[in-house]
Amino acid sequence: MDQWLLYCGVVFLVVYCPGPMTMFSLSNGIALPRHVSLAGIAGGTVAYCLQIAVTYFSLGWIAAQSQGLFHAVKLAGAGYFFWMAYRQIASGGFDLSARGVGRPSIPGTFAKGFAIAATNPKSIVFFGALFPQFIRPGAPYSEQFIVLGLSYLAIQFSSGLVYVVFGSKLIDFLQRRTTPKTQSRVMASALALVGLVLLS
């Protein structure tokens with residue numbers, strides 16, 4: 001249970017920070033009817049499901065080949081969080097600009113949400129870095145992965161909902177109360193802390 005709560009905390013930290021999908025949800029929440037905005041979140045969720053499936057089979061194959069290789073993947077995954085911390089500092093802050101939205105159609109918004117999530121290479125790398133940290137050797141692999149995958153999807157979907165409904169208020173708060181440098185330092189420190197915890 002403690003490991004699962006830690007996992008959920010890491011996922012929450014990453015998916016609630018402004019990024020391509022969250023800003024897409026924000027833009028939709030401002031410009032489109034609520035039910036159309038939900039289609040965009042659903043499109044992203046389907047893309048994440050496919051990426052999680054790819055990660056499931058890839059990590060399963062690695063674990064079957066060698067536990068030593070799987071352990072190496074875990075170490076590399078922990079290192080990835082330090083790299084994300086560095087990139088956050090180098091970026092100079094979150095990109096808080098709203099994305100342009102197209103015509104308010106459910107299929108079009110769904111397709112755009114799918115495309116944004118599916119074409120973000122960081123997602124599949126993130127899954128490959130995160131999931132091995134919480135897979136316990138000797139325990140049923142598939143059952144663990146299902147719990148991790150469903151937990152991620154639930155938190156990701158909730159993030160989309162929050163940005164659709166409250167995103168403009170959240171972004172306004174960040175712009176008024178914090179600076180880009182502060183945003184970068186706080187996020188980078190949190191990511192580096194996650195990396196240290198995963199290495200311990």
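Positions of Cβ are set from backbone N, Cα and C atoms, glycine also.
Any TrEMBL annotation is an automated prediction that lacks curation.
Record features (TrEMBL):
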- 6-26: transmembrane segment (TRANSMEM)
- 38-62: transmembrane segment (TRANSMEM)
- 68-86: transmembrane segment (TRANSMEM)
- 145-166: transmembrane segment (TRANSMEM)
Original post:
So which of 38-62, 68-86, 145-166 is most in touch with the transmembrane segment (6-26), counting Cβ pairs under 8 Å?
Top reply: 145-166
Original post:
So which residues does the transmembrane segment (38-62) touch in its own chain, when a touch means Cβ under 8 Å and the partner is 6 or more beyond its ends?
Top reply: 21, 24-25, 28, 69-70, 73, 106-107, 109-118, 123-124, 127-128, 131-132, 135, 141-142, 145, 149, 152-153, 156-157, 160-161, 164
